[in-house]
Amino acid sequence: MELLPPLPQSFLLLLLLPAKPAAGEDWQCPRTPYAASRDFDVKYVVPSFSAGGLVQAMVTYEGDRNESAVFVAIRNRLHVLGPDLKSVQSLATGPAGDPGCQTCAACGPGPHGPPGDTDTKVLVLDPALPALVSCGSSLQGRCFLHDLEPQGTAVHLAAPACLFSAHHNRPDDCPDCVASPLGTRVTVVEQGQASYFYVASSLDAAVAASFSPRSVSIRRLKADASGFAPGFVALSVLPKHLVSYSIEYVHSFHTGAFVYFLTVQPASVTDDPSALHTRLARLSATEPELGDYRELVLDCRFAPKRRRRGAPEGGQPYPVLRVAHSAPVGAQLATELSIAEGQEVLFGVFVTGKDGGPGVGPNSVVCAFPIDLLDTLIDEGVERCCESPVHPGLRRGLDFFQSPSFCPNPPGLEALSPNTSCRHFPLLVSSSFSRVDLFNGLLGPVQVTALYVTRLDNVTVAHMGTMDGRILQVELVRSLNYLLYVSNFSLGDSGQPVQRDVSRLGDHLLFASGDQVFQVPIQGPGCRHFLTCGRCLRAWHFMGCGWCGNMCGQQKECPGSWQQDHCPPKLTEFHPHSGPLRGSTRLTLCGSNFYLHPSGLVPEGTHQVTVGQSPCRPLPKDSSKLRPVPRKDFVEEFECELEPLGTQAVGPTNVSLTVTNMPPGKHFRVDGTSVLRGFSFMEPVLIAVQPLFGPRAGGTCLTLEGQSLSVGTSRAVLVNGTECLLARVSEGQLLCATPPGATVASVPLSLQVGGAQVPGSWTFQYREDPVVLSISPNCGYINSHITICGQHLTSAWHLVLSFHDGLRAVESRCERQLPEQQLCRLPEYVVRDPQGWVAGNLSARGDGAAGFTLPGFRFLPPPHPPSANLVPLKPEEHAIKFEYIGLGAVADCVGINVTVGGESCQHEFRGDMVVCPLPPSLQLGQDGAPLQVCVDGECHILGRVVRPGPDGVPQSTLLGILLPLLLLVAALATALVFSYWWRRKQLVLPPNLNDLASLDQTAGATPLPILYSGSDYRSGLALPAIDGLDSTTCVHGASFSDSEDESCVPLLRKESIQLRDLDSALLAEVKDVLIPHERVVTHSDRVIGKGHFGVVYHGEYIDQAQNRIQCAIKSLSRITEMQQVEAFLREGLLMRGLNHPNVLALIGIMLPPEGLPHVLLPYMCHGDLLQFIRSPQRNPTVKDLISFGLQVARGMEYLAEQKFVHRDLAARNCMLDESFTVKVADFGLARDILDREYYSVQQHRHARLPVKWMALESLQTYRFTTKSDVWSFGVLLWELLTRGAPPYRHIDPFDLTHFLAQGRRLPQPEYCPDSLYQVMQQCWEADPAVRPTFRVLVGEVEQIVSALLGDHYVQLPATYMNLGPSTSHEMNVRPEQPQFSPMPGNVRRPRPLSEPPRPT
């Protein structure tokens, strides 16, 4: 025993009550997402043109005299549009061979090739002429020249010129065959007075065989526009690689002294063709030569700032280029890229593969490659290859274009000739150029399909088209973790992908999507997607946004006042929403446009806040409370002190913020007023305080009750001027822990709200601290009494009793009694320890005073009074013996008094048996004397003690003797009639199933008499005789039944199974399970019951010590083959290994020399659970019934852990032993699911199925799992709570599957707690994966049992609940039997049967 030091003042209060911060403490303004300041669902309508077919190519022209045009090519047609996208001219480009083909006619009379549609592959401008050149997929890929003829601001096309000379072209050498049907990219460069076409085409074996295209070539346009000059330079994929090595040319452009092509191609001619990467090919724009052709691998990766687990070190690669564009960059991006402003940068959108499928990162990434750096890397690669010393083994590469070679040798040569230069041959630079995603993965799921980059002011903007037909205009920056959107809008409702090629015309970009061409302003389509004034005026200057009343727009869109210099403040929330009419309130305003500087400093006189008629004085911002706001969120806070004026009235009012004379910020100044409703002035009222006394140590939990106690932001409870620590604040109640007092005295107690005292006069009395000196006894059980002795025990409002087992603590409060002694009850605690009790510390505390702890306190299970009637005394007996489970274990903990007829007897305990010698002075009359047992002050009359006199026998005893005699006579008469009839049939029914083994197998099957569940010889009911096969006889075959109660068992005649025929290795393995048949005595006239697989007899087993042990013997009649016998023996070996208090153990298996196997099981004197709960003589409580289910759950949890599936869990298959412990039985035919996942009953076509206990999926698929056992457990709980009512009694078994599939389930029984019915519903979930496990069910049912206070929760009537009319065999009760009335009212608590026995 030890004394505990005093606790902190509020410790006990915090134990009893969950802590809750007072109103106003640490309140923060709700963050407004940054996305809330914009709306990307705003519809913008931009000019568009419908081309009449999928747009294949597009190019724009701007002349020197303000003439401009847009050229749009679709299949078989070329459109000429004006700058407003109005059609100016249309030209037929196909089909080839069609008389209406205008371009075909330019080549003279045909035929010029095979007929077919013309898909435009090349559409470029020759700026020198100027002229438009188009090349299609027909006519061997020839091109046509269209001179441009300006007509005002519009442009027309002259008659086309055919760039094809028949006499200069032949199949093996065709300089005028330019376009490939697989795709061609062309860039036109003016050199001197000539135009050179830099052409790159995708090839395969079929295209290469049709005419003579080239992969890369430089062709000069003839001056007479008759075609291209022969003898052009070219590179082509070698014929041996045409099948496996495909090159896609994505983009081409000209800048500075070079022309560049961007390709997607396999990484190597020897590797997997699907392993792609991106390359940049560079050609000289000043010399039409290919000797300085260079390639460089571009590497784009996504490398997040915080690398994900499992991600590669260098970031996730995105090797496939989807679209690219080059442009000069603005100052900000140039600084981040470490280049000069205005330098050209190549931007590319990359994906993970050809299909652009999602990876672990974003769908698309954007990388930037400065052109100067690209050229530098290429030049350095040339130096490494051609300048000494050359690294050995350095390859020239491009093996798909040329013969393999090592640097510095030319292709195909082993040495460099003096007349040749290493630099005059194509080269793949050995190093790659690597960059990371500019957007750091922020594009996320967006799939970018088009890209165009522009410089606006100092800002670099990427204009991107997406797979779903949207346009994103985003500022390109690297230093942010969010996207700076100029706009994000949809081009239309079709949602078709935006195509790769984008053209610019003046201040507009032309995007193509499906058959539409859209004209999008570079500055964005508008400003309406900005929703707040602050966001509107912070937009880029080039957008021209301004605030127009209550919306953002461009000046041309605003009919009223439009300005760009100021915004009003905006209130969105404030706290608190109420304040005291007297006293101050610290008011926090939330919103935007309060400040324009990060410091949040408010100049004097700029901000005015009024609440109703009362001013609110601005407070300086507390820098210690400043918290960083994520850039994706925004919120501003403003605090002021509100002190109501004397004229302020109680009630609701408005909060108003006015900002004037604020100095301008970077983008605008704040000026205006914002008003928000919802504040109320209230008058707090204190009505009651309790308790008004407590110990000097403090810690007393004060409860202050009243009205409007939570108004404002500050309140204080003062006890003698010292603050009482608040633990909970609500509108009607305050809870606090008193501070320590200096002396024993009465001190003032007051409440202040907002610094003003609430009217009322209260006094608190400090008393002497309670001192606990002892706690007794040192053991007990739930709700048993504990005595606390000490001094000043009534100084505390309540003493608290706490039990701690080392892991958790439970508490109960003691009611006030005497200052020196208090009687308390132990708290609720469930003992789960296998030893039957739990040791821990029992403590007593009084508020904040020092406590007392009793170590080593033993917590025991509560005792359970018996429910069986007392046995009459024999004449020679002078003591009463009765069983009282758990009473002996608690004898040292509580007071126990046993009386007979009001006279006390000197009782003694022998385990759970109580022996009570009768007092000598006791006279037992004819009606006997009542036996009463009082335990810890609670008394129960267990029955009446009677002793039969010599003059007569009590009527009840006489009936008990005569009724069995009459039943025996009736049984003998029935047996004689049956024997006579059987002899006439010349068949003898053997007395047990042993003799059936020798019957002739060809004789067929003979049915046994019907034995219903509970057809037990011990019940005194005779077995009905059979006169032939009646309507109850089973038809041999597959069938369904509600339960095995209604089944009959046919006996199969079969050949004898010899013990010597069994596998010797198996017999050796199961020798510990087998019991010699000489040690087993079967009482074949004592039938306990029957099942589908056999009959159960009462028997005896003689162990090795010659002790006769009662047992139940189950003879199996359905095993017909030797393999089944061997399988049964192996299963018996598994069953022998099961050991759990709630699982029926297997004594052994007896296999006679000739005959069928017999199973020996422990004898259960109380029979099965169904018979028990249906019996009118039993009176279990709700807690008893649920505890039976808890024991079943524990047994099933064990079987599930052992990987057994029961398949037939029901109340009829659970047994009760002499201590009323439930044992799960009839799992012997369960299948070990270690062998296979589930067991199919289709393997046993004669098995009768307990369909009304089966899970839905078992009814549908005939498969069983542990989760189908969980369903059956739910039905078993329903049986228990209805005391054995048949489930689905009005549903035909063949309709049950449809009934359950509709979601319908068994109704909630009348006395079933809601929490238990919820457990049943969880067991009946249609999806087996959603059902709980048995481990979870054990925990949930344990909680339900522990929540039922006491052992006797509700008195159940002895009549059956929820049962309609039924046959006698369904109820296991004859219809003529009288109903039993409820227990007499003077019986306070019947003997509960629920708790399993605990070892003492």
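The backbone N, Cα and C atoms fix where each Cβ goes, glycine too.
Listed in Swiss-Prot:
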ACT_SITE  Asp1208  active site, proton acceptor
DISULFID  Cys101-Cys104  disulfide bond
DISULFID  Cys107-Cys162  disulfide bond
DISULFID  Cys135-Cys143  disulfide bond
DISULFID  Cys174-Cys177  disulfide bond
DISULFID  Cys300-Cys367  disulfide bond
DISULFID  Cys385-Cys407  disulfide bond
DISULFID  Cys386-Cys422  disulfide bond
DISULFID  Cys527-Cys545  disulfide bond
DISULFID  Cys533-Cys567  disulfide bond
DISULFID  Cys536-Cys552  disulfide bond
DISULFID  Cys548-Cys558  disulfide bond
DOMAIN    31-522  domain 'Sema'
DOMAIN    569-671  domain 'IPT/TIG 1'
DOMAIN    684-767  domain 'IPT/TIG 2'
DOMAIN    1082-1345  domain 'Protein kinase'
REGION    1367-1400  region 'Disordered'
SIGNAL    1-24  signal peptide
TOPO_DOM  25-957  topological domain 'Extracellular'
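The residue listed as 'active site, proton acceptor' sits 63 Å from Cys300 (disulfide bond), taking the Cα positions as reference. Cys545 (disulfide bond) sits 13 Å from Cys567 (disulfide bond), taking the C-alpha atoms as the reference points. Counting every protein chain shown, 22 other Cβ atoms lie within 10 Å of the Cβ of Cys162 (disulfide bond). The subset of disulfide-bonded residues (Cys135, Cys162, Cys174, Cys300, Cys407, Cys558) lying with their Cα within 10 Å of the Cα of Cys104 (disulfide bond) consists of Cys162, given in sequence order.
In this structure, the CA atom of Cys177 (disulfide bond) is 34 Å away from the CA atom of Cys407 (disulfide bond). Here Cys386 (disulfide bond) comes close to Cys407, Pro408, Ser421, Cys422, Arg423: these same-chain residues lie at least six apart in sequence, with C-beta atoms under 8 angstroms from its C-beta. Counting only same-chain residues at least 6 apart in sequence, those with a Cβ under 8 Å from the Cβ of Cys552 (disulfide bond) are Cys527, Arg528, His529, Phe530, Leu531, Thr532, Cys533, Arg535, Cys536, Ala539, Cys545, Gly546.
With Cys558 (disulfide bond) as the anchor, the candidate disulfide-bonded residues are Cys107, Cys143, Cys300, Cys367, Cys385, and the one with the nearest CA is Cys367. Considering only the disulfide-bonded residues Cys300, Cys367, Cys527, Cys536, Cys558, the Cβ with the fewest other Cβ atoms within 10 Å is that of Cys558. Of all the disulfide-bonded residues in the record (Cys101, Cys143, Cys162, Cys548), the one with the smallest CA separation from Cys300 (disulfide bond) is Cys143. According to its DSSP assignment, Cys162 (disulfide bond) is in a strand. The disulfide-bonded residues listed here (Cys101, Cys162, Cys174, Cys367, Cys548, Cys567) include Cys162 as those with a Cα within 10 A of the Cα of Cys143 (disulfide bond). Here the candidates are the disulfide-bonded residues Cys385, Cys548, Cys567. The one whose C-alpha lies nearest to that of Cys101 (disulfide bond) is Cys385. DSSP assigns Cys567 (disulfide bond) to a strand in the three-state reduction. Comparing C-alpha positions, Cys385 (disulfide bond) sits nearest to Cys367 among the disulfide-bonded residues Cys107, Cys162, Cys174, Cys367, Cys548. Counting every protein chain shown, 27 other Cβ atoms lie within 10 Å of the Cβ of Cys135 (disulfide bond).
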